[in-house]
Each structure stands twice: as C-alpha cells, then as structure tokens.
Amino acid sequence: MLDSLDLVIDTIVAREVLDSRGNPTVEAEVLLEGGASGRAIVPSGASTGAHEAHELRDGGDRYMGKGVTKAVDHIEERIAPALCGLSALDQGSVDAAMLELDGSDNKSGLGANAILAVSMATARAAANGLGLPLYRYLGGPMATLLPVPLMNVINGGAHAANNLDFQEFMLVPHGAPNFREALRMGTEVFHTLKNLLSERGMSTSVGDEGGFAPDLGNEEAGEVLVQAIEKAGYKPGEQISLALDVASTEFYSDGRYAFSGGSYSSAEMVDQLEQLVNRFPIISIEDGLAEDDWEGWALLTERLGKRVQLVGDDLFVTNTKRLQRGIDANTANSILIKVNQIGSLTETLQAIDLAGRSGYTSVISHRSGETEDTTIADLAVATRAGQIKTGSLSRSERVAKYNQLLRIEDELGDQAVYAGATGQGPRGRD
C-alpha cells in the first residue's frame, strides 16, 4: 500500500545535457522517498519573444557562452534544499516555492530553465510514484482527446538558412478519423513534398524542426504544399489544410515589416495575410504581426478572426497577464503554449485554463531547440488542448512526441477521441 511519505521529495539532481542543435540545456531528476523518480529536460528557442522568462546561460568561452552550469548549480545548491521534504503531489506548492526563491518577475534569479526542469521532473516523479501515465496524472479521467498536429514541413526564417521569410509552413490533417491516421496522412504528404522539391532541383536538407528548407517565396511554398497534398491523394482544405508561423517580430522594425523585398505598414501586412488566406486553404496563422504591435493585431483580428485561428506566440509568451490584455482587447483568438516561455508547469496550466475560459484555443508547442523529452505530448492530452505543434516528420526529437501520442492513443483504446473528428482543431472565433 502506498504511503504518503513515499511521494515526498528526497533528492534532486541536475546535469548539463545537449539539445537538438548541440547546445547545452538543463536536465533535472527528482527522486522520491518511496523510490520513484522523474526526469525532465528543458528545450530552448531560436526566435524568442522579448517578454519570455529568462533562460540562464553561463557566458564566457565555454560552449560559446551557452553553458548552463549556473542553472545546474542553482538546482542542486538552492532549489533542492528548499524542495526536499515537500510532497511531489502538491505541484502548486513546489512551483510556488521555486518562484519565491527566485524572487524576480522573469525568473532571472534562478533561471527559467532551472525552475522548469525541476517543475516538470516533479510532475513526472509524482505520476510514476502513483503508477499513472503523466497525461492521466495531470488531466484525470477526462484526458482522452488526442490533438490535431500542426506539422512544420517547410522551414524558413530563423529556423533555416534559406531566403524564405516566414518561419513555418505547416500541414494540418484535421480531416483524419484518429491520430494514427492523421500522422500517416501528414507523413505521406511530407515524403511527396520531398519528391516534388527534388524534381524542381531544390534542396531537401532539413531545418531545425525537421522540415525542408528550400529557397522559395512565401506564395511558392503555399503552392508546392497544395500540390503535395493533392499528389498524395488528399483534398486540400477538406482533409488537410495549411497553417503559418509568420514570426513577424523577426522582420519588424520602426513600425514596418520588411520582407520579400518590400516594406509594409501594419495595415499592409494584414492585407498581405488576407491575400494568402484567400488564395490557400490556411486555417491558422501564428504571430502574423509583431509582439508589441497591438493595434495591428486588433486590425488582423477584426479582418480574419472569424475565418482563421490567430495564434499569439511572441504576443502572449504563455503569460496570463499578456493573455488577459489580449482577451480584454479582443485580440487574437488562440495562444501558443510553450512551457519554457513562462518557466513552470503550474503557470503553464493557468494560461491554458484562462484561454479556455475565455473562448481562446490553445496550441501546445515544442521549441526549435528540442530534446527527447515527451512531456508536451502528455500535456496536450492532459489539458484537452486539441492541438500540438511539434515539428516535421523527421528528426527524432520531433518524432518522439508523435510516437508518444501514438502510445497514448493505443492505451486509451475506445476512449480515445481525435480532436479533428470533433471539430476541436484550429478554428476562427465569432
């Protein structure tokens, strides 16, 4: 019989490991009194929002300044003594203790990478201690909804060394009957796309997130994706639609958007996006405008918010204060959820909850610098978010999340419901 003392935190260890770009990141391991343990590794981003929680790096020459030994030391020397003796079941208290110890507004005291690693590892240790899968521990008996994947098959912007301005062109197989079929559909289009690019004499090398990185214009990318969907035997807009991550903050300066050889005002940028929506089966646009262009976002929401899911990534940075500002101003209609933007599991769950109560969708997301950690797959099911964005159909750190979702779907059996089959995937908002 399980004793409550078995779930008390006994030891916390941390180490510096590598992410998918060969950069150091933080791994934490939480061991409980009863012998159960949980391990987690934090990701890192390339196109990071100015309002994200602080990722602590060492500086200096080692690893070109990107080492994380300071964050590791903070876990073992400051966080561990504060948390040992607390129950791993009380996630809120564990995270609150770390936030109090940090003492800053943006987690610069301990480092968001240190706090998040311990936060996620604690949840996994608690789940293991109870003998539950992580999605069930976090989500309870209602955790049965498998997410629609937003598959980043063409990479540009900060994620690839090519001339493509927009950062991500994604496949959205919302017309599948279940997650397994959605994954198959996306994979078949991915391989068809590779053949089409090869026939055009274009590069089929891949970017940070496993998608192809050819030298294409934004409209050319849309055209070749629609062609790949059709050639693979699917109906664009009906079975598989498109999603964009414009990452417009990356080319925004002095109130103008500079891309494709032009310079555009916020209103002109909205015009550009509307033209793309009119031409292609696009159902979701992420970061269509810059992170602090609130007036532009209001116009974008007015023009396209009923037709298209408008996702705030840099705009909201998984932060309830910024999300509440957007809700109050009727800006965007969806939030991208990145656990390392806010830096703790509790705050991540609070952001998802606020979005849901306000009629906003949530898209659970990876980062461009990923690892083999599959927490976000379980998180997507646990929160019934209905959508996950975890890269292309290549590179093991991306596929690991898809494979975990396959396992979860199998484990749920007849209880499993695919969000696309119930209309709970990407959508606009009246």
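Glycine is treated like the rest: Cβ placed from N, Cα and C.
Residue environment of Arg367 ((2R)-2-phosphoglycerate binding site) contains 26 other Cβ atoms, counted within 10 Å of its Cβ in all protein chains. DSSP assigns Arg367 ((2R)-2-phosphoglycerate binding site) to coil in the three-state reduction, placing it in neither a helix nor a strand. Per Swiss-Prot, the feature (2R)-2-phosphoglycerate binding site maps to Gln167, Lys338, Arg367, Ser368, Lys389; the stated evidence is sequence analysis.
All chains included, 31 other C-beta atoms sit within 10 angstroms of the C-beta of Glu209 (active site, proton donor). Positions annotated as active site, proton donor by Swiss-Prot, on the basis of sequence analysis: Glu209.
The Mg(2+) binding site feature in Swiss-Prot is assigned to Asp245, Glu286, Asp313; the stated evidence is sequence analysis. According to its DSSP assignment, Asp245 (Mg(2+) binding site) is in a strand. For Asp245 (Mg(2+) binding site), the same-chain residues 6+ apart in sequence whose C-beta sits under 8 angstroms from its C-beta are Asn152, Phe166, Gln167, Glu168, Met170, Glu286, Asp287, Val311, Asp313.
Taken from Swiss-Prot, the feature active site, proton acceptor covers Lys338, and the record attributes it to sequence analysis. Lys338 ((2R)-2-phosphoglycerate binding site) has a Cβ environment of 26 other Cβ atoms inside 10 Å. For the recorded site, Lys338 ((2R)-2-phosphoglycerate binding site), the DSSP three-state label reads coil.
DSSP assigns Glu286 (Mg(2+) binding site) to a strand in the three-state reduction. Here the binding-site residues are Gln167, Ser368, and the one ringed by the most other CB atoms within 10 angstroms is Gln167. When the alpha carbons of Glu209 (active site, proton donor) and Ser368 ((2R)-2-phosphoglycerate binding site) are compared, the span between them is 6 angstrom.
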